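Engineer: Pulled these from TrEMBL:
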type: DOMAIN; residues: 43-469; note: domain 'Major facilitator superfamily (MFS) profile'
type: TRANSMEM; residues: 44-67; note: transmembrane segment
type: TRANSMEM; residues: 79-102; note: transmembrane segment
type: TRANSMEM; residues: 108-128; note: transmembrane segment
type: TRANSMEM; residues: 171-189; note: transmembrane segment
type: TRANSMEM; residues: 201-220; note: transmembrane segment
type: TRANSMEM; residues: 268-291; note: transmembrane segment
type: TRANSMEM; residues: 311-331; note: transmembrane segment
type: TRANSMEM; residues: 352-371; note: transmembrane segment
type: TRANSMEM; residues: 377-400; note: transmembrane segment
type: TRANSMEM; residues: 407-432; note: transmembrane segment
type: TRANSMEM; residues: 444-468; note: transmembrane segment
Amino acid sequence: MLSTCAISPGLCVVSWLTLKLQVEYEKGDPRNPFNFSRTRKWAMTAALVSFTALTAATGSAYALGYTSMEADLGCSQELAALGLSMYALGFGLAPLVLASFSEEFGRLPMYLASTAIFGLFFIPMAMAQNIQTVLVSRFIQGMSGSTGSTLVGGTLADIWITSERGIPMSLFALMACLMTGLGPVTVGYVEMNVHLQWRWIQWLGLIFSGACLVFMCLVMKETRSSILLTQIAKKLRKTTGDNRYRARVEDERASLKTLIYISFTRPIYLLITEPVVASFSLWVGFAWGMLYCLLESIPYVFQTIYGFNTGELGLAFLSMVVGVLIGWAFNLFVQERAYRRNFGRIGAEARLYSACLAGILFPLGAFIYAWTSYPHVHWIAPLIGVTIITTAIFLIYLAVFSYLADAYLIFASSALAGQSLCRDAATAFPLFTFSMYERLTPQWASTLIACLASLLGVIPFILFFWGAKIRERSRFAKKMAATIEDS
């Protein structure tokens with residue numbers, strides 16, 4: 001095997017005995033996403049987390065418009081709540097296909113197309129004359145908005161090395177959870193204004209989507225190395241007339257049909273065969289379901305028990321914002337330091353210190369929320385419970401992305417798609433939350449959730465102490481290690 005690095009600045013071309021010239025990055029190549037300037041990396045990170053924030057806020061802000069929507073469209077509360085589920089359902093299903101398209105066409109076209117489609121479907125919602133239009137639009141928005149969740153983690157992994165990835169990942173998780181709580185806060189008084197109400201919630205979403213799309217067009221670049229190297233190889237073939245220049249992926253990439261098949265089956269395969277993915281996905285799925293329960297139960301508890309109006313109800317969601325900020329601060333000042341200190345000793349499991357704390361906080365917050373929701377107890381008490389629950393959910397959400405990305409490396413997208421399936425199976429939660437709280441009472445409904453959270457809270461402790469050994473016994477992990485060695 002011969003090697004020459006004089007073809008192009010920063011480019012290394014490896015000549016094989018088969019007379020193919022394999023195009024790879026040379027050390028320090030500025031076209032390698034890892035070597036982008038820090039300014040570029042942070043600008044791209046800001047654009048990505050802005051889209052994540054938009055999709056999160058859109059998902060939850062919708063719930064504050066139920067009252068005027070029901071009156072305007074003549075639909076039941078159950079049908080209005082179905083829009084919350086349709087959005088999350090689209091979030092769960094789309095990544096099974098979109099991951100394949102990102103491999104075939106790159107991440108940048110996916111982001112630009114998704115952001116544009118996401119924004120456009122605010123228009124039919126804002127002008128809808130029936131609930132069916134709203135539900136279809138919400139589903140399509142959920143599908144297009146899913147790139148703000150499932151692709152962002154992979155893109156951040158494309159541009160930030162492992163030791164630098166913690167803070168960008170935490171910002172991503174911060175926006176995903178923070179804006180879920182802040183969305184209702186921002187639109188509570190919009191819903192109260194008889195001249196605005198639920199339709200202007202959608203128009204505001206369109207305005208913010210347009211701003212996000214412009215930001216992305218200005219700062220985003222392609223980050224998937226297989227796409228970039230393929231483009232370089234094609235350019236070399238064109239300029240030199242030598243068809244031997246090839247990117248490795250050009251000879252290894254499967255057809256789009258095969259990629260879609262793999263995208264559908266590999267996440268399910270990992271869920272079935274990988275105990276680490278299965279257990280963590282079950283836990284994060286339940287936690288995400290609890291987040292949707294809060295979106296439905298907070299209006300019921302604070303309007304029924306404490307007599308909050310819509311504006312005050314929106315402000316009650318600030319407790320979720322506070323919880324997310326506490327979780328983010330803990331991750332930044334405690335988890336990240338513990339990770340850097342212990343990664344060399346225990347590997348990917350160093351990402352789980354905050355998850356273990358969340359295993360304790362989650363049921364604790366749920367029990368507080370359950371047994372302080374009484375008229376004779378000040379409303380701040382259940383909001384403290386909501387704050388603790390949200391802190392735990394944030395820590396779980398961040399841990400699942402960071403841990404699975406470190407543990408499954410090049411197959412992180414498939415592992416994350418697997419957990420996304422479980423997380424978005426929680427789309428059903430809003431459909432029964434109102435009935436559950438009405439029939440069981442808020443105290444016993446929240447107690448049921450707290451008991452389930454207590455059972456699932458052992459998962460991070462098991463993974464922290466035995467996760468590495470569990471993965472060592474995995475056939476998939478051995479196959480992954482062999483693939484990495486060959487690449």
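Positions of Cβ are set from backbone N, Cα and C atoms, glycine also.
What TrEMBL says about a protein is an automatic prediction, not a curated fact.
Note that this is a predicted model, so its numbers are computed, not measured.
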Engineer: Would the transmembrane segment (352-371) count as touching the transmembrane segment (201-220), i.e. at least 3 C-beta pairs under 8 angstroms with sequence separation of 6+?
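Structural biologist: Taking Cβ pairs at least 6 residues apart, the transmembrane segment (352-371) and the transmembrane segment (201-220) are not in contact, as fewer than 3 fall under 8 Å.
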Engineer: Please report, as numbers and ranges, the same-chain residues at least 6 past the borders of the transmembrane segment (444-468) whose CB is under 8 Å from any CB of it.
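Structural biologist: Answer is 276, 279-280, 282-283, 286, 290, 293, 297, 346-349, 352-353, 355-356, 358-360, 362-363, 366-367, 369-371, 373, 399, 403, 407, 436-437.
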Engineer: Pop the mean pLDDT for the domain 'Major facilitator superfamily (MFS) profile' (43-469) in here, whole number is fine.
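Structural biologist: Looking only at the domain 'Major facilitator superfamily (MFS) profile' (43-469), pLDDT averages out to 86.
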Engineer: Report yes or no: does the transmembrane segment (377-400) come within contact of the transmembrane segment (268-291), defined as 3 or more CB pairs under 8 Å with a sequence separation of 6 or more?
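Structural biologist: Checked: the transmembrane segment (377-400) vs the transmembrane segment (268-291), in contact.
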Engineer: The transmembrane segment (268-291): which same-chain residues, six or more beyond its ends, come within Cβ distance under 8 Å?
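Structural biologist: Residues packing against the transmembrane segment (268-291) from afar: 177, 180, 362, 366, 389-390, 392-393, 396-397, 400, 403-404, 407-408, 411, 414-415, 418-419, 421-426, 428-429, 449, 452-453, 456, 459-460, 462-463, 467, 470-471, 474-477.
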